[in-house]
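First the structure, which I've put down as structure tokens, then a few questions once you've had a look.
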């Protein structure tokens, strides 16, 4: 989520309308035609955001994740969501959206450009695998009676993000509010509470954040416009367009909190039958992928959020050995994406970490989260990892830098001033998949001349989180139909 805005969510009323995804075309596009693709560009990360601030934000987000998972376990459902896995007969076409980093705005998130409504209105949203509701700042809809618009100081203009914009549902021919009296508003989504002033009142929501910020509004459905490209998922798609109908959309009419000034809202990539990821993936091959450029990459570096088969995923139906691990779409961790960790090693030596730390059934487990910057490890894993890494960095002078526990004066490295070899960290997943991130993803630049061990301690029992810095320079594909997570190292730039 936005900087410092880790959600402790109380949803007053949410709903979902089960509308079939359909495509409308321009430039001669035909639905179901193979070999088409479209991409959402990811805005790249870059220096400018304080790493210490990111660490504090991540701790607040981890509190939200822990609270959400605890609630999920209490209400555990016996059935699995069927709307995501029912896309076996969809076309093999795809679309992708440019994805970029919010580092220049002082956040550790990645932004994506998104068009919603008829005619389409453009927005810049946070790409968040931990969210199940897509929402945009909004004006002109009936808002909940308790919601009063809160003026927040405008953020400084940033080249990475367009000026603040608002969605005007009255200008969209396809906007349709969902009644709060509907069964979907009352019972489809956990945490939803029906509180209708009248039978025709719109379904409302109230997202509460642990720093007293909030996002409030009404929920409905609308269409999302995506640009298709041709030639095996590559670029050059011209003006071909497709529309996804019935996308569940929150219209935020009141919000408080500075973090929301950096974006126009949130694009939900979580595993949920109301999320944009589930809706788009069901239309485009049952999968989505993203590639996050180095968080210190130049400001103009971009990557993509892709639904369907993009240029980097065209051959992923037959992945190389060791490149995939089961994706745990478990009701106990929904809407987050969980994976099974077998072990963590440093310089080839497996660390002594209790197996229950990685076990969802033992109140542990591991999730892949685009909304967390630094990796958060439950206490037993954290202590083992930092002990192994710090032992081999002991020759460097320690530097105090809150909230990190292990920081070093990197200008005093090694005998004779030579480069100090950083211990090799590796994460072994179930299914023989092995993540070997570059050293810069876990011994990170925290300040000029200072590097820190870039993992944080999380509560135990509790979930561990693989954050977006550890994910950087890897392509991550979430195959929802077949329940696989595939990944491989790449520069993420085209």
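Cβ atoms here come from the backbone N, Cα and C positions, even for glycine.
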According to TrEMBL, which stretch among 118-145, 146-173, 174-201, 202-229 corresponds to the feature region 'Disordered'?
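Region 'Disordered', as annotated by TrEMBL, spans 146-173.
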Using all protein chains in view, find how many other C-beta atoms are within 10 Å of the C-beta of residue 128 (active site).
28
Can you tell me the CA-to-CA distance separating residue 128 (active site) and residue 369 (active site), as a whole number of Å?
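Taking the Cα atoms only, residue 128 (active site) lies 7 Å from residue 369 (active site).
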